[in-house]
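J.: Following this message is one structure expressed as structure tokens.
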Amino acid sequence: VEQQKADAQKKLSREWNKVHKLQADLEGQKRKKGAIEEECDELKKEITKLRNKLSVQNESWKQVVAKWKKKAEEEGKRNDELLSQLMSLEEEHRYVKSRYASLKDAASGWVSPPIRARGHSPKKGWERSWVPSDDGEDNEEADERDNREEELAARMGEADGDEYNERIDATPARLESEMGELREDTNRTLSFSEKEYGRGEEYGRGEKYVATQSRREVMSAEPVLDPGVHVVDTQESEGRVDVFYSDGSRFTRMDNATTKLKRSDGSSLITFPNGDRKEVFPSGRSIYTYTQQGVQLETLPDGSQVYRDETGYEERNMGRR
């Protein structure tokens with residue numbers, strides 16, 4: 001009995017130790033679970049902070065984007081304004097270039113008369129006049145016309161104000177003096193024959209005819225500066241002026257500053273507003289010069305082309321055979 005009692009006591013002691021061990025493990029699990037829960041709470045707090053920070057940054061970036069978008073729109077409007085100014089300056093440059101070309105042409109042999117301000121049509125008394133063709137005969141009608149011209153110029157100066165005076169005063173002094181000397185000769189004869197120009201009896205009388213042209217930039221064709229120059233009112237599109245020479249040559253200036261000189265030998269020279277030139281010969285050969293690039297392209301009658309640049313390089317394209 002004592003032996004059995006001792007064995008039972010040992011067995012109970014072992015079981016009791018297992019219970020204590022399980023209780024210790026349970027306590028360890030509880031502590032570990034608590035630590036995990038605390039770590040989760042910390043992570044939740046960190047997530048909340050990051051969300052708040054992201055929201056603030058998102059709002060800040062939205063403001064920055066809105067600011068740059070507004071600035072881009074302002075720069076776009078500014079760019080449009082600059083483009084508009086550039087177009088205005090280009091238009092003014094074309095006008096100045098055209099004016100310079102006319103003054104240069106005047107210095108080389110013919111002069112486009114003074115330009116009146118826009119919106120002024122010929123006034124009463126500004127009309128075509130026929131005068132005798134004899135150079136030695138007194139020309140009372142020409143004197144009256146000169147007086148009417150001076151009176152009209154005075155009225156125009158009062159009406160147009162500074163704009164008209166600035167345009168007239170802008171003429172170089174040397175060229176203006178030359179023009180003044182040439183204007184004094186108003187008794188030179190203009191003869192337009194039906195054979196040469198095909199304009200009918202009006203130009204076949206052998207009398208002096210002075211034509212006045214009204215254009216967008218109104219240009220007077222009187223007085224004629226050279227006995228061999230014939231200025232004809234072509235009645236074509238606004239801004240176009242044709243000048244005929246006694247040798248059969250014809251000079252045309254368009255309102256976009258393009259000029260064309262058609263010579264009596266059949267050749268012609270075209271000058272474009274950008275400075276490019278094209279010369280065509282009676283044989284069919286033509287030479288186009290790209291002024292800014294310094295390049296020439298020659299086209300021969302058989303269709304072959306020759307390319308030349310300013311370095312002396314030459315390339316041939318045989319074209320059709």
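Glycine residues also receive a Cβ, built from the backbone N, Cα and C atoms like all the rest.
According to TrEMBL, the protein carries these features:
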- 19-92: coiled coil (COILED)
- 105-199: region 'Disordered' (REGION)
- 134-144: compositional bias 'Acidic residues' (COMPBIAS)
- 164-199: compositional bias 'Basic and acidic residues' (COMPBIAS)
- 299-321: region 'Disordered' (REGION)
- 307-321: compositional bias 'Basic and acidic residues' (COMPBIAS)
J.: Do any residues of this chain, six or more beyond the ends of the region 'Disordered' (299-321), have a C-beta under 8 angstroms from a C-beta of it, and if so which?
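T.: For the region 'Disordered' (299-321), the far contacts come to 283-288, 293.
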J.: Per DSSP, what is the residue tally for the region 'Disordered' (299-321) in helix, strand and coil?
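T.: Summed by class, the stretch gives 0 helix, 10 strand, 13 coil.
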